[in-house]
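Contents: one structure, followed by commentary.
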Amino acid sequence: MASTISINIVFSGGLELLFGNERNHSVSIPNFVPSDNSTCSTPSSSSSSTPPSDNVVSSTGAGDTKAADLEYLIYHLRDHLLKERPELFMENGTIRPGILVLINDTDWELEGEGSYQLCDNDEILFISTLHGG
Amino acid sequence: MAPTSCSLCRDAKAILKRPKTGQQICKDCFFFVFETEVHHTITEAELFKSGDRVAIGASGGKGKTTAVIWPDMLIVLMADSTVLAYVMKTLNDRYNYGLELFLLSIDEGITGYRDDSLETVKRNQQQYDMPLKILSYDELYGWTMDAIVEQIGKKNNCTFCGVFRRQALDRGANSLNVDHIVTGHNADDIAETVLMNIMRGDIARLGRCTLICTQGEDTIKRSKPFKYAYEKEIVMYAYFKKLDYFSTECIYSPDAYRGHARTFLKDLEAARPSAIIDIIHSGEAFEVKEEIKAAQKAQQTCKRCGYMSSNDLCKACTLLEGLERGMASSVITDRARKKMDAMGPTPENLRTIPLFRSTPTITVEMPSQS
């Protein structure tokens with residue numbers, strides 16, 4: 001049984017600047033992930049250095065699990081891929097308003113948003129519309 | 001989740017939830033409704049008449065002071081003006097508007113920021129087969145934004161950029177001898193401006209900011225065909241049409257107040273997507289008293305350059321004089337202006353900003369034949 005799935009990530013509209021100026025990324029995440037979205041790779045090592053921000057920290061990491069969903073992916077991207085200013089990417093446990101999300105070229109609002117269950121080789125596109133000029 | 005089918009054609013897979021209506025629609029229906037709504041906006045407001053020469057403000061900007069969301073980092077997405085150019089050309093061909101279209105772009109002179117976006121505009125010119133005019137702050141004012149920031153620092157530089165860009169668009173439009181400038185202001189921008197004018201108590205502007213067409217300085221009309229188009233749909237349109245657009249960051253400091261208004265608006269939209277169109281509707285429904293509308297100072301022409309102005313000198317000439325005299329950071333208010341006057345007479349050799357009024361020979365970079 002494959003224990004991880006591979007997800008293709010694309011950042012656009014300026015969002016790539018928060019991710020080392022790279023538009024395309026590929027991440028590998030477990031099939032089953034902690035329900036509390038804690039993203040330490042080994043759930044038992046609860047002493048890992050997750051940012052002490054608005055992350056929902058449970059008492060220990062060895063709690064419930066769920067099938068990997070987009071909500072978890074967002075935490076994963078913030079904790080492992082994001083290089084700077086997490087508040088420009090996430091707000092209140094989800095993507096910051098004004099950032100569009102497409103799952104395999106479909107508006108995530110049609111796919112259940114954060115509760116969408118990820119599949120192997122999904123492509124998730126994040127486009128920022130927050131801009132001036 | 002099972003794929004949803006389009007609520008319009010009931011056939012293809014829905015790819016977008018429309019923020020305005022909540023409808024779930026497929027790609028082809030999306031293109032059709034988006035373009036048709038812009039067409040209706042244009043025809044209902046009777047924006048153009050056949051034979052009009054129309055410049056598309058392709059500065060990548062909003063023609064307003066630089067708006068920003070992200071603290072100390074300005075993301076400029078060219079999507080709006082790229083989509084505007086594409087949709088204007090599509091509708092002009094489809095509905096025989098009979099318009100002559102031009103791309104007008106402003107180069108602020110910010111190293112590494114506008115350089116790449118101007119490359120995008122040049123590609124657009126070839127893709128859309130439209131004449132392109134690029135006007136730089138340097139040739140108009142003798143100052144690039146880089147040089148301005150070097151002198152005055154990062155505070156207040158958005159004031160310069162905003163005044164200079166607006167005038168540059170007007171002066172560029174003059175040189176193209178056009179009747180009309182269209183800009184990419186969208187529903188989100190207008191709702192944000194309504195909120196800002198309420199928060200600032202600027203009732204005269206509140207009354208004007210929802211107008212689709214204004215005729216401010218000079219005789220050139222300015223209008224906003226995307227007045228009712230959501231930013232989400234503009235960006236989605238650019239993405240699904242695979243339009244060539246550009247995004248980058250302005251390296252100079254942001255207009256924080258507009259940033260707060262934008263964040264607030266985006267939070268409202270997340271809770272209730274119709275909020276944006278509702279705010280525009282509220283803005284349109286205000287009836288501003290005649291005496292408040294008339295409270296604007298009488299318009300005259302700038303004694304130095306001839307541009308429309310409510311004072312002896314227009315804003316650009318005032319700002320420019322401050323820069324030349326090394327007192328730029330204090331020239332933003334009337335009081336500071338008096339202080340500068342008290343420092344002594346204006347130097348003799350000050351630059352006159354060119355107006356390009358009704359020039360018989362028009363120099364336009366034509367699309368190369370390839």
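Note that Cβ sites are derived from N, Cα and C of the backbone, with glycine treated the same way.
A TrEMBL annotation is a machine prediction, not a hand-curated record.
According to TrEMBL, the feature ATP binding site maps to B:Gly57, B:Ala58, B:Ser59, B:Asp80, B:Ile106, B:Gly184, B:Asp189. Taken from TrEMBL, the feature domain 'tRNA(Ile)-lysidine/2-thiocytidine synthase N-terminal' covers B:79-249. Per TrEMBL, the feature domain 'Cytoplasmic tRNA 2-thiolation protein 1 C-terminal' maps to B:300-328.
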Beyond the flanks of the domain 'Cytoplasmic tRNA 2-thiolation protein 1 C-terminal' (B:300-328) by at least 6 residues, Cβ under 8 Å: 141-143, 148, 151-152, 159-160, 163-164, 167, 170-171, 216-218, 337, 340, 343, 346-347, 350-355, 357
Surrounding CB atoms that lie within 10 Å of the CB of B:Ile106 (ATP binding site), all protein chains: 29
Coarse DSSP state, helix versus strand versus coil, of B:Ile106 (ATP binding site): strand
DSSP helix/strand/coil residue counts for the domain 'Cytoplasmic tRNA 2-thiolation protein 1 C-terminal' (B:300-328): 11 helix, 4 strand, 14 coil
Average model confidence [pLDDT] within the domain 'Cytoplasmic tRNA 2-thiolation protein 1 C-terminal' (B:300-328): 86
DSSP state at B:Gly57 (ATP binding site), helix/strand/coil: strand
In three-state DSSP terms, the structure that B:Gly184 (ATP binding site) belongs to: coil
